[in-house]
Amino acid sequence: MERELPAAEESASSGWRRPRRRRWEGRTRTVRSNLLPPLGTEDSTIGAPKGERLLMRGCIQHLADNRLKTTKYTLLSFLPKNLFEQFHRLANVYFVFIALLNFVPAVNAFQPGLALAPVLFILAVTAIKDLWEDYSRHRSDHEINHLGCLVFSREEKKYVNRYWKEIRVGDFVRLCCNEIIPADILLLSSSDPDGLCHIETANLDGETNLKRRQVVRGFSELVSEFNPLTFTSVIECEKPNNDLSRFRGYIMHSNGEKAGLHKENLLLRGCTIRNTEAVAGIVIYAGHETKALLNNSGPRYKRSQLERQMNCDVLWCVLLLVCISLFSAVGHGLWVRRYQEKKALFDVPESDGSSLSPATAAVYSFFTMIIVLQVLIPISLYVSIEIVKVCQVYFINQDIELYDEETDSQLQCRALNITEDLGQIKYIFSDKTGTLTENKMVFRRCTVSGIEYSHDANAQRLARYQEADSEEEEVVSKVGTISHRGSTGSHQSIWMTHKTQSIKSHRRTGSRAEAKRASMLSKHTAFSSPMEKDITPDPKLLEKVSECDRFLAIARHQEHPLAHLSPELSDVFDFFIALTICNTVVVTSPDQPRQKVRVRFELKSPVKTIEDFLRRFTPSRLASGCSSIGNLSTSKSSHKSGSAFLPSLSQDSMLLGLEEKLGQTAPSIASNGYASQAGQEESWASECTTDQKCPGEQREQQEGELRYEAESPDEAALVYAARAYNCALVDRLHDQVSVELPHLGRLTFELLHTLGFDSIRKRMSVVIRHPLTDEINVYTKGADSVVMDLLLPCSSDDARGRHQKKIRSKTQNYLNLYAVEGLRTLCIAKRVLSKEEYACWLQSHIEAEASVESREELLFQSAVRLETNLHLLGATGIEDRLQEGVPETIAKLRQAGLQIWVLTGDKQETAINIAYACKLLDHGEEVITLNADSQEACAALLDQCLSYVQSRNPRSTLQNSESNLSVGFSFNPVSTSTDASPSPSLVIDGRSLAYALEKSLEDKFLFLAKQCRSVLCCRSTPLQKSMVVKLVRSKLKAMTLAIGDGANDVSMIQVADVGVGISGQEGMQAVMASDFAVPRFRYLERLLIVHGHWCYSRLANMVLYFFYKNTMFVGLLFWFQFYCGFSASAMIDQWYLIFFNLLFSSLPQLVTGVLDKDVPADMLLREPQLYKSGQNMEEYRPRAFWLNMVDAAFQSLVCFFIPYLAYYDSDVDVFTWGTPVTAIALFTFLLHLGIETKTWTWLNWLACGFSTFLFFSVALIYNTSCATCYPPSNPYWTMQTLLGDPLFYLTCLIAPIAALLPRLFFKALQGSLFPTQLQLGRQLAKKPLNKFSDPKETFAQGQPPGHSETELSERKTMGPFETLPRDCASQASQFTQQLTCSPEASGEPSAVDTNMPLRENTLLEGLGSQASGSSMPRGAISEVCPGDSKRQSTSASQTARLSSLFHLPSFGSLNWISSLSLASGLGSVLQLSGSSLQMDKQDGEFLSNPPQPEQDLHSFQGQVTGYL
């Protein structure tokens, strides 16, 4: 099995300690060969003690070795270290203090040993979990440390096999093809004649494309054959750091020459050697100093908002405990003072015969009460929450709806402690490219020398891809809506659903069969789908390219070949040369297939993510294939018949079997100790020459096509476009690039320098020597916003200058046109350098490369000096298709009350076009565009926009004066009054955003953005993205979520409260930095609206239940103090008191916290506005906490005094009377939990039954066998006696019901008269929808008479009320209207024919504005249902049916409670029948002017009243 490198991400958080480095190591690291004797020693001294490094500082310096150690404990340190870590949690310290306080004789309340049991149990459970995790890490470390590699030995003068853990800095390591790199190694030798090495970094960053690494520049010229014994060079490099994209340093050779070191010279630990027979290098960083392990910091610990609120409530409980204990202490002191003379009759004196003074007795009583009432602080709360969160994550991972079949990936939960935050998100910050779009760049249009080439044929080709997608979805939808008349059973609908999903799955498999088979048999090449590779050239441009080629073929031997071309043709030629060579694309020829064998990935974490934890205990439910993360293909075909599915399945099965055979026969690296020394080198060498070829690769070889592996999809798209015009990139080395042309043949350009792309310059350049002219040319491509500013100034005096201005003006117009069409734009430019200019620039550039400390700054300045006075060649437009389901997902998230901000680096026009396509912007809404050239202009524009917004929404005004804007802003919610206009959207570019994020303007910008419906930030850098998220999070105190797919989104993801990464084509950096990872953007809908809501609701109710339960139990003990002189005595036996919360009542609440579903998933998805309850913290807020505390106090009062009155005149002892009190408390807790439980499963019943059985079983056994264990209690035969007493059963029946009556009454009254959105959703979900026919199925095969296609299309978006039959829908509609319509709006009730069908409306129409101030689009839709005439009824029967709405209220699903709900709702039914039926006068009529979604509900009611 393969193991991923990031599995050791837990290393930093697991407590390992890196070996301490000596402080005098300096600001850089100097490394020399370990084969040389150390300075200051004799030559015979070879090597050094283990763990030591030989450096050029004249002495031995201790550095980290290559041993991987992620464990935290040893056998001796486990117990003290683990306890020390657990005591970092203040709750554990508190309970240990209480347990130790119980050992003081003067204040003890329980037996000391028994009081320690709960806290020891909690500590033991946590310790066992930590021990198991650490042991798993130890086994993983041992396996990795004992992997083998070849290290050069001076004694044997050859490479010998050594363990990874034995590698040291300065050792020479030889690696073969397909071998994992054991440390960070400087590449000194390669079997490739050009000194190249290909590595695969999928284990490190998830990118599947190969990266090129090259031997140190100049080293291969100094030595013809690398020999470690003769290596005397000195390496000076930077100290260890976690920057994967940077390596700075230089190597000084023995002749004094100095060469700069770059990231291209460094082989990183965890990467895999590909397509290279053998390489050798010297170890620079080892062990925990390698960049891979420095980046593996593990999942971040975040504290959820609910947990922060819970900690605050825990402090309130502590304060309440102190107050109760203080009250009891004062009471006991007063009691002792009053009965001082009579105390000797019933109190035990001290050892000297004296009695305690009232003050001393009060102090003792205070501490004793702290011990007795310690259960007020829930000891098991934190452990229970951790258990519930782990189980919640398990069920989220098991959700098949979050599995993406196309990419064979599913949701990953990387943070286990913030699942409830998913249900409280208010702001979503999203990247565009790769997040909202497919990140499949397709060359669409271009302009060269001011002439535009539309590529109409290419547009038609892309249209065929889209048609294929739509045809597939249409066929699937038709198959899914076939109506089977006469099948009314539920099993039939389930069978049809399963069949529909199967057909859809088969269709996907069949339409992508070719791409998937290629992916299964060979490693997937990123950005190389047929849609991306197959470019249809424009005929006019192709003719010009051919003309250039023919002219140059004739004039190539002349002195200036390019001079024979016209300026237009010269630009065309340079344009495609720039597209071909101005990149970092790696070319893989067909005769050089990517070799790959099954090897073990380097690192394995015991619990890297929850998926690893789950795979250890449960088999995977999801079908797993051999497709990579980047295996995305949009090529779809439509099968004409179902029989076409069978061959696809059989072929896939055959290929899967073939792959398994290949995997079994492929060689792998030995990982279990030493292999035999005999023939060891031969086995490594044979492995290096392994050439495994699969049918897919053979097919590619036969086709003779080159494989391009690019770091970005834009580069791949441009290279494929150039190849379509017969300008093919055929080879790339570190110092040359070869291009194939039809008539010219192969042209080899000397590659002098490559200035890579960065987010600040927003461009990249290459410096080459032209083979035809021997000139030094600079080709630059980048964003039009920067390249246009770098062009050579044109003079209007000469004709050439005017012509260039005209070309630039046309090009800019075409760029704007491309952006409006949603295309990504790039400008291509060129500069010719003279030899003097190049020599001057080269000198400064070499100095910048040799710098170690400030290399980035110097290289940036060097690139800026070079990329000036450019000549514009043309521009390109690249299309990036929108992901499937993005518009629908954005619409649902908006209905859920989420505000979506898109932060993209694209051009403003492009971003706006994509925003319209994904429905982020609507064509009918106003868009505020904020573009400023200076900070003063930005401030003025912000003031103007704020004035405009305030004039549109008068209620949304600034409460602070202008002078207070720099200090702070008063953020008021957007007004939702009837006179308020729809909120506009805001678009801002990167330059203006930089000004708006200044301290003086950030409050204005944030206030303006808060008033807008959507925000679109264009040309934003990664730093700006993180600053925007941080600003919203800190200023608005709102829950934020950031989602992205690339490395430029990492900072934004890490700053947000919840970070979501998309496993796209640009690697796994975003996923590795995220809390959750999803395959596609559309899965965010279900993750937030369904699982986020469930997780928040479950944990909120569970935490409240914990506080209620403990407070109620403490209340029983508190009321008893009034009858025992506040002496801190307890009527409940010690065993029950200590283990009640830990054993008897813990399981049911855990089951409810894991499995409860307050609203079904389909209802949450149909009505996303239900999500707002979590945003507003409706289920867990301070008000709910204190109401639960008051309810707990009342229940404890009832549960105490009912058995007290029942046994008032009896002669039972205090512990016999306390046992019924304990049983009553248990029954009350379980019934209370039953009321709060919305979804009952057999596990809920089992948990409640088990708790009851466990309590009575323990009581019976304890009362029989341990009667005198803990004096002074004597519980002998107590429970047996009570079980034979009818009074015991009567009190256990009456007390819980009496205690819960106020809660039952309140919930029934509130659920009937003032229901919340969630309660209405639950009521509607209980309606038996399956017995009525679905209109979509009824009319699937034909259009009903009298209905247009528009009406049928509207039915697809109808709410759940509209899918109900008329009688049920009208009842729910009346119920909603009655709760929201005021007497003024309704007017006088009019006589209504109750046989007239009622008008239908969407769910929660009346209450949609309560939580968020907005409502869904409303409209009355006429619906025809079979059998309507039979279901029309009289007024009496109509009222009777309306009463069924109150038959099962929202507080639970127990049938025996329904009578209370029915009784409380009868009064509302009478009012309902008179006020809500007035709206129905005619059947099938529509409102003339349906209200807009932004309008308030009362405006809609006013229109209805006016219409009636």
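From the backbone N, Cα and C atoms, a Cβ is placed for every residue, glycine too.
Annotated region 'Disordered' per Swiss-Prot: 1-23 (among others), in sequence order.
Beyond its flanks by at least six residues, the transmembrane segment (80-101) meets 15, 72-73, 107-108, 112, 115-116, 118-119, 122-123, 126-127, 130-131, 314, 367, 370-371, 374, 377, 379, 381-382 of its own chain at Cβ-Cβ distances under 8 Å. Residues annotated as transmembrane segment in Swiss-Prot: 80-101 (among others).
The annotation topological domain 'Exoplasmic loop' is assigned in Swiss-Prot to 102-107 (among others). The residues of the topological domain 'Exoplasmic loop' (102-107), classed with DSSP into helix (H, G, I), strand (E, B) and coil, number 0 helix, 0 strand, 6 coil.
The transmembrane segment annotation in Swiss-Prot covers 108-129 (among others), and the record cites sequence analysis as its basis. Beyond the transmembrane segment (108-129), the same-chain residues lying 6 or more positions past its ends with a Cβ under 8 Å from any Cβ of the stretch are 79, 82-83, 86, 92, 95-96, 98-99, 101-102, 368, 371-372, 379-380, 383, 1128, 1130, 1134-1135, 1137-1139, 1142, 1270.
Here Swiss-Prot flags 314-335 (among others) as transmembrane segment.
Sequence annotations record features per position, and here Swiss-Prot assigns topological domain 'Exoplasmic loop' to 336-366 (among others) based on sequence analysis.
Annotated transmembrane segment per Swiss-Prot: 367-388 (among others), in sequence order, evidence recorded as sequence analysis.
Sequence annotations record features per position, and here Swiss-Prot assigns active site, 4-aspartylphosphate intermediate to ASP431 based on similarity to another entry. Proximity of ASP431 (active site, 4-aspartylphosphate intermediate) to non-local residues of its own chain (separation of 6 or more, Cβ distance below 8 Å) is seen for VAL902, LEU903, THR904, LYS1025, ILE1043, GLY1044, ASP1045, GLY1046, ASN1048, ASP1049, MET1052, given in sequence order. Secondary structure from DSSP puts ASP431 (active site, 4-aspartylphosphate intermediate) in coil.
Annotation source Swiss-Prot lists Mg(2+) binding site at ASP431, THR433, ASP1045, ASP1049, citing similarity to another entry.
The phosphoserine annotation in Swiss-Prot covers SER470, and the record cites a large-scale study or a structure entry as its basis.
According to Swiss-Prot, the region 'Disordered' annotation covers 680-705 (among others).
Annotation comment: Swiss-Prot describes 694-705 as compositional bias 'Basic and acidic residues'.
For 1102-1122 (among others), the entry in Swiss-Prot reads transmembrane segment.
Taken from Swiss-Prot, the feature topological domain 'Exoplasmic loop' covers 1123-1134 (among others), and the record attributes it to sequence analysis. For the topological domain 'Exoplasmic loop' (1123-1134), the residues of the chain that approach it from at least six positions outside its boundaries are 109-111, 114, 328-329, 331-332, 335-336, 339, 365, 368-369, 371-372, 1116-1117, 1140, 1214-1215, 1217-1219, 1221-1222, 1270, 1273, 1275, judged by C-beta separation under 8 angstroms.
Here Swiss-Prot flags 1135-1154 (among others) as transmembrane segment, drawing on sequence analysis.
Residues annotated as transmembrane segment in Swiss-Prot, with sequence analysis given as evidence: 1185-1206 (among others).
Sorting the topological domain 'Exoplasmic loop' (1207-1213) by DSSP state (H, G, I as helix; E, B as strand; all else coil) yields 0 helix, 0 strand, 7 coil.
Sorting each residue of the topological domain 'Exoplasmic loop' (1123-1134) by its DSSP state yields 2 helix, 0 strand, 10 coil. In three-state terms derived from DSSP, ASP1049 (Mg(2+) binding site) belongs to a helical segment. When each of 314-335, 1102-1122, 1282-1306 is scored by its Cβ pairs under 8 Å to the transmembrane segment (1135-1154), the top-ranked stretch turns out to be 1102-1122.
For THR433 (Mg(2+) binding site), applying a Cβ distance below 8 Å and a minimum sequence separation of six or more within one chain yields ASN439, ARG824, ASP880, THR904, GLY905, ASP906, ASP1045, GLY1046. The number of other CB atoms found within 10 A of the CB of ASP1045 (Mg(2+) binding site), across every protein chain shown, is 30.
Looking only at the topological domain 'Exoplasmic loop' (1207-1213), the predicted model's pLDDT averages out at 85. If one looks beyond the topological domain 'Exoplasmic loop' (102-107) by at least 6 residues along the same chain, the residues whose Cβ comes under 8 Å of a Cβ in the stretch are 115, 364, 367-368, 371.
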